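Just below is one structure, and these are the notes that go with it.
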Amino acid sequence: MMICRGICRRRTVGSIRRYILLILMLGQTIVAGWYMKGILPYQGWSLVSLDEITRQTFVQTALQVMPYALQTSILLLFGILFCWVSAGFWTALMGFLELLTGRDKYRISGASAGNEPIEKGARTALVMPICNEDVPRVFAGLRATFESVAATGDLDRFDFFVLSDTNETDIAVAEQQAWLDVCRETKGFGKIFYRRRRRRVKRKSGNLDDFCRRWGGEYRYMVVLDADSVMSGECLTSLVRLMEATPDAGIIQTAPRASGMDTLYARMQQFATRVYGPLFTAGLHFWQLGESHYWGHNAIIRMKPFIEHCALAPLPGKGAFAGAILSHDFVEAALMRRAGWGVWIAYDLPGSYEELPPNLLDELKRDRRWCHGNLMNFRLFLVKGMHPVHRAVFLTGVMSYLSAPLWFFFLVLSTALLAVNTLMEPTYFLEPRQLYPLWPQWHPEKAVALFSTTIVLLFLPKLLSVILIWAKGAKGFGGKFKVTVSMLLEMLFSVLLAPVRMLFHTRFVLAAFLGWAATWNSPQRDDDSTPWIEAVKRHGPQTLLGACWALLVFWLNPSFLWWLAPIVVSLMLSIPVSVISSRTNLGVKARDEKFFLIPEEFEPPQELISTDQYTYENRWHALKQGFIRAVVDPRQNALACALATSRHRQAQPIEVVRMERVDQALKVGPAKLGNQERLMLLSDPVALGRLHERVWSEGHEEWLAAWRASIEADPHAPLLPLQPVGKASEPVPV
């Protein structure tokens with residue numbers, strides 16, 4: 001009874017808070033819209049005469065009405081964009097107050113059950129779905145997390161699963177070897193498991209579905225990790241205890257802290273997420289409470305309701321927004337809440353880490369996938385039973401990308417209005433005997449006030465973040481002076497990048513509506529610089545657009561160019577900014593000078609230290625040309641056969657296909673064997689074993705030579721005997 005009362009009280013408080021947010025946003029937008037209306041030159045419809053319209057041609061009427069149509073469109077777009085900015089401002093402001101006072105009794109971390117032993121039945125599976133990832137980094141993070149959990153003494157409550165959807169055979173074999181190595185090094189056999197799917201259905205969500213169907217019943221909770229995730233044992237055990245202490249919680253999402261990258265771009269993004277991010281996540285928690293976000297990783301999920309209510313069916317129909325759901329996390333959170341379970345953000349729980357893209361272009365590749373997924377999710381906006389907050393989450397997901405074309409069209413319409421005002425001959429006398437002219441109106445004081453207000457809404461949250469750091473200790477950020485200078489440099493950088501992102505996101509939205517496919521390749525995980533030729537190819541059209549736009553505005557009205565300068569100058573500088581910011585040496589130099597420093601670098605936790613160490617060691621011993629090793633190397637072949645997922649069926653049609661695949665592989669050799677044929681062999685232990693046996697027993701020198709070459713080219717790999725092998729040789733024993 002007490003639990004039910006607490007849930008009802010919390011939901012009532014959440015509803016009241018959200019009504020307050022709505023009032024603040026709408027009230028602020030109405031006032032700003034009134035100011036914007038006063039700024040525009042054509043007030044009312046005073047320059048349009050209905051009598052004159054009836055006596056003139058359609059073209060004349062269109063030219064007379066055009067300024068008002070442009071103004072109305074500008075005002076509408078301004079209202080939408082300002083409301084969007086206002087929502088972010090109030091979220092950050094409430095997050096600042098919550099972090100400053102720490103008095104919100106409804107925060108999920110307040111329900112902690114302390115350090116009491118975790119119940120034996122509260123078994124938790126840590127699952128890491130991967131697909132063609134950086135193998136050394138993936139298993140380094142997994143090992144660091146495993147060892148951190150072991151240090152808590154609660155390892156017997158956790159199991160670890162690497163769920164691979166990799167379809168590159170060399171990477172797949174490297175994953176198998178890395179799994180074996182990490183199990184040996186940590187004595188993790190029976191605790192760390194590896195499985196590679198043969199059929200990649202529904203991408204990441206399908207990978208998790210497959211795990212839940214096969215093994216979900218064995219566990220009470222599931223923690224989803226990304227390929228670059230690292231979590232401390234204290235964080236994971238705290239999540240389990242929070243779940244145990246909050247029986248109505250279905251998902252608890254942590255706020256991952258970005259770290260581990262060295263390019264200048266990634267360092268600035270790490271700094272921004274570490275400094276500003278806590279305000280926004282705390283603010284989201286304040287407004288949403290138990291109807292919050294789930295970001296797809298570094299979160300704990302209650303297994304039973306997830307299996308029962310969160311299976312994702314493909315969206316019906318045809319076209320770009322039909323088929324398998326791409327951005328599954330928001331949808332799963334909405335379905336969990338629809339079933340009556342809470343979705344929370346544990347914004348103040350430390351020990352959760354992730355990595356960011358190393359450069360702007362890699363981030364934009366990721367954004368294109370997310371854009372398509374968020375637009376697709378909006379089809380669920382009116383689905384029956386969805387909580388209003390999660391309908392709003394779908395809407396904000398769309399606005400995260402739709403705001404870009406809206407902003408772009410706002411700027412285009414503003415330029416068009418300038419052209420109309422400059423090029424069209426003004427009409428001041430509409431009536432035959434009119435005594436006084438009707439002048440267009442201009443109120444510079446309103447323009448200054450509105451511009452100042454917008455700047456405050458955009459940049460005050462960043463200043464509040466730094467003030468909070470000053471109050472709580474800036475040593476981990478390089479000191480008060482360095483963190484302040486870093487904030488100012490990051491603000492300048494964000495101003496330079498905002499128009500660039502605007503054009504890219506505009507193109508992504510248009511591409512989604514036009515049905516252009518978005519590829520879902522694994523993102524770049526290590527530090528990678530952008531070549532000049534790639535930057536020219538990607539940013540060249542933006543540079544040209546910025547230059548032409550600037551010339552047009554200068555020709556129309558040079559004074560207006562000052563207002564547009566932040567946009568056009570950023571576009572013209574996009575190529576050098578993209579290239580220079582991707583440089584690792586500049587990022588390392590900034591770190592050495594304590595600019596863009598974060599506490600995870602000043603005093604790195606053991607989990608991140610271990611991850612860096614193991615990544616270095618894994619790269620030193622990383623397996624290369626894995627498929628050739630899996631075919632020829634006896635140990636590697638035994639491992640690959642043991643981990644293959646295909647069943648050992650002996651039906652005659654299957655046997656015929658197996659023999660054809662083996663014969664084809666021996667006929668064409670390793671150099672000409674395609675990746676799809678390699679995948680079929682790697683997934684079939686019987687065929688792979690027969691291929692291995694025939695390579696040795698029949699002495700297929702092309703395969704044996706490729707194996708020797710792979711070992712000679714990899715001095716860090718364990719060496720096997722390279723004795724000459726004849727046709728009559730026996731297979732080398734495992």
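Cβ atoms are placed via backbone N, Cα and C, with glycine included.
Remote same-chain partners of the transmembrane segment (19-36), defined as residues 6 or more beyond its termini with a Cβ less than 8 Å from a stretch Cβ, comprise 74-75, 78-79, 82-83, 86-87, 90-91, 287, 446, 449-450, 453-454. Residues annotated as transmembrane segment in TrEMBL: 19-36 (among others).
What TrEMBL lists as transmembrane segment is 74-97 (among others).
Residues or ranges marked as domain 'Glycosyltransferase 2-like' in TrEMBL: 126-308.
Beyond the transmembrane segment (392-420), the same-chain residues lying 6 or more positions past its ends with a Cβ under 8 Å from any Cβ of the stretch are 40-41, 66-67, 70-71, 73-74, 77-78, 80-81, 84, 87, 293, 327, 330, 333-334, 367, 370-371, 374-375, 377-378, 380-381, 501-506, 508-510, 549, 552-553, 556-557, 560, 564, 567. As annotated by TrEMBL, transmembrane segment applies to 392-420 (among others).
Sequence annotations record features per position, and here TrEMBL assigns transmembrane segment to 447-471 (among others). Beyond the transmembrane segment (447-471), the same-chain residues lying 6 or more positions past its ends with a Cβ under 8 Å from any Cβ of the stretch are 32, 35-36, 39, 82, 85-86, 88-89, 92-93, 96, 99-100, 275-276, 278-280, 477, 480, 483-484, 487, 490-491.
Per TrEMBL, the feature transmembrane segment maps to 483-504 (among others).
If you look up TrEMBL, you'll see 560-581 (among others) marked as transmembrane segment. Beyond its flanks by at least six residues, the transmembrane segment (560-581) meets 263-265, 268, 359-361, 411, 415, 418, 493, 495-500, 503, 529-532, 535-536, 538-540, 542-543, 545-547, 549-550, 553-554 of its own chain at Cβ-Cβ distances under 8 Å.
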Cβ contacts under 8 Å made by the transmembrane segment (74-97) with residues that lie 6+ beyond its boundaries: 21, 24-26, 28-29, 32-33, 36-37, 40, 276, 278-287, 396, 399, 403, 406-407, 409-410, 413-414, 417, 454, 457-458, 460-461, 464-465, 468
Confidence summary for the domain 'Glycosyltransferase 2-like' (126-308), mean pLDDT rounded: 94
